[in-house]
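J.: OK, TrEMBL features for this one:
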REGION    314-344  region 'Disordered'
COMPBIAS  322-340  compositional bias 'Basic and acidic residues'
DOMAIN    548-583  domain 'EF-hand'
DOMAIN    632-667  domain 'EF-hand'
DOMAIN    672-707  domain 'EF-hand'
Amino acid sequence: MGCGMGKTERRLKKRDRAIRAALLIQRWYRQYVARLEMRRRYTWNIFQSIEYAGEQDQIKLYNFFGFLMDHFTPASSERNLISHIFRENEICRDAEWERYFCYESIEVPDSYTGPHLTFPMTFCGVSKLVEAFKHKHSQLHARYVLQILGETWRLLRILPNINHVTTCHTKEITICGDLHGQLEDLLLIFYKNGLPSSEKPYVFNGDFVDRGKNSLEILLILFGFLLVYPNDVHLNRGNHEDHIVNLRYGFTKEVLGKYRLHGKKILKLLQKIFSCLPLATVIDHKVLIVHGGISDTTDLNIISRVERHKYVSALRPPKQSGKTDDDRDKESDGAPEGRRRVFSLTHQGSALPHRYDFPRRSLHNVPLNSQLNWTVEKELKKRRKLAGFDQSYRELKKLDSDSDPEPGEVTETDEHEWKQIVDILWSDPMPQNGCIPNEVRGGGCYWGPDVTEEVLGRHNLQLLIRSHECKQDGYEFCHNRRVLTIFSASNYYEVGSNRGAYIRMGPDLVPHFIQYQASKTCRELTLRQSVGWTERSALQALREQLFVHKSDLISAFQEFDPNNTGMISLSNWASATEKVLNLGLPWRVLRPQLVSSTKCGMVDYQQSIRELSITQPKLEISDTSILETMYKNHSNLETIFRIIDTDHSGLISFEEFRQTWKLLSTHLKTEISDEAIADLAQSIDFNKDGSIDINEFMEAFRLVDLSAHM
């Protein structure tokens, strides 16, 4: 009897120990997963904050160019440098466009090994194109590229602003989000879901280009299927279908690199095509699909009537038809009288919630000189003085707001229509009620659940599908499941950073999601390896940001160190870092990844800069401040280079190089001497031919993170 009790007690104790061990393992695993999730989230925040800061810089630079165009004289040097990017109606008649993009004189040589296409396009022809791009055969000949683009333009210009499609029980509609030049993702979607056809309709929701290496191939495939199935393939415009945005994010460079002889003509036709892309798609009168989102003023009736082809770039409202910039430039001596500019509308709403509380500016709420507490005349004088330009200009004529618009002005109607387009291309949802300027991106708005309910209710819709934001799982619901974000570019920031996804939707209008990872490497990684990989990449990008702002950071740190001890508190370190970088990141959480050691809660800020392990090119340049300016504004500098390189040769002269730096210094409101610019130009002119290769220049000054190679 006693022996039996002893065995029972031992079994119970053994079971208790097993349960306690299981609980300990469970607790440890939950903590482990929680730590991984925390790392995953702050890694995501780093990538997204740096991405949006870049978009903000792009819009600020373009606004500055718009300021020069509106207020500087046609004869001024700085205006001449950039005026061509605003010449949106150089060839305005359809017949002239047909002649300009004539491809018939372009011969396809016998040595060409790529696909040969016949027109009108057929399913077989597009399938050959897909296979050729999949296996990386010879790139498509320029004649066929121009022919596809020309046919696409002729089709797009007759389509409505809002496509209306219907479902039925025999077929589902597939909806894809941003692809951003990642051909692998598009090919994987076709592999899993099937090629577009009359039985398998698709909606592609914008941002086909930029960032990835195969933007043009994606466009050619999508345009090919559009030509074969015009009633079953629907393309919405995204905010990256914009030639100004393309200057910064890689598409312009990609096209010119692949088609050196005909690249300029291809880009010009793509400008026209982008402006003709429809703005929205509606499924069964119940599901609205737009690229970015909505605002409290969104009106689908207005959007359906907008002349969308006028908006070659959505970053600037179109001018009333009349004299073009070229016409004004040809007018005789003396500056013309100033022109009134109607500034963009302001989104009214509650204050920015903490999460979005970045002191940045938006397309909609900032007149270009509103940040200055002086008159336009003083601003012009200062900017011209900083830029070193000495041509005269007339005083701006003040026009009454009720005066009749002149050619070249922006009317209130144009302004309102432009705002509608910017909102649907650039906006993002937020959890709080209201509608406020999107000051993180710089364009569009943040809109809340109340705006969703009001706009969907007003148009008798039940769901809004949008893209525009990368999501870790490829999709995400918000606003009581009435707003759905879909993003189709997997591994967008780094291998393992996110899944891609697409939607299948039948007549019940219930979205079904298919997720994927296009990278084989990523599919083989464990969760810990995947998080570690993306975390290292994000921290590398963040260390580069800290490095290029090191002078500003040290100045900000020294404000908290009046006795010059070289030490500040962790709280002050985080506060100063956020003040300079303006990224809205959890710096105290990130501190162990960026600063190796602290003493009693104090940070050695000089040592923290040295620990970044970033190296820069070793060139003999007397003025090192110009290097720091360049690192801070690397993307802006490349954008100006691309604008000034009007013949798209990839080469600029020393004088154009100087003018580029003068434009940048004017934009930054800082002074850079001609001697420093000449010194920099000489240091990079390796073959001493008096010209500078843009790609070689930007690559020569690329920062290297040594920690990534250790």
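Using N, Cα and C of the backbone, Cβ positions are placed for all residues, glycine too.
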J.: Near the domain 'EF-hand' (548-583), which same-chain residues lie under 8 Å Cβ to Cβ, leaving out any that are not at least 6 residues past its ends?
T.: 46, 49-50, 53, 358-360, 591, 595, 598-599, 601-609, 612, 628, 631-632, 634, 703
J.: Treating G and I as helix alongside H, and B as strand alongside E, what does DSSP give for the domain 'EF-hand' (548-583) in helix, strand and coil?
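T.: Helix (H, G, I), strand (E, B), coil: 23 helix, 3 strand, 10 coil.
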J.: Give the residue counts of the domain 'EF-hand' (632-667) per reduced DSSP state, in the order helix, strand, coil.
T.: 26 helix, 3 strand, 7 coil
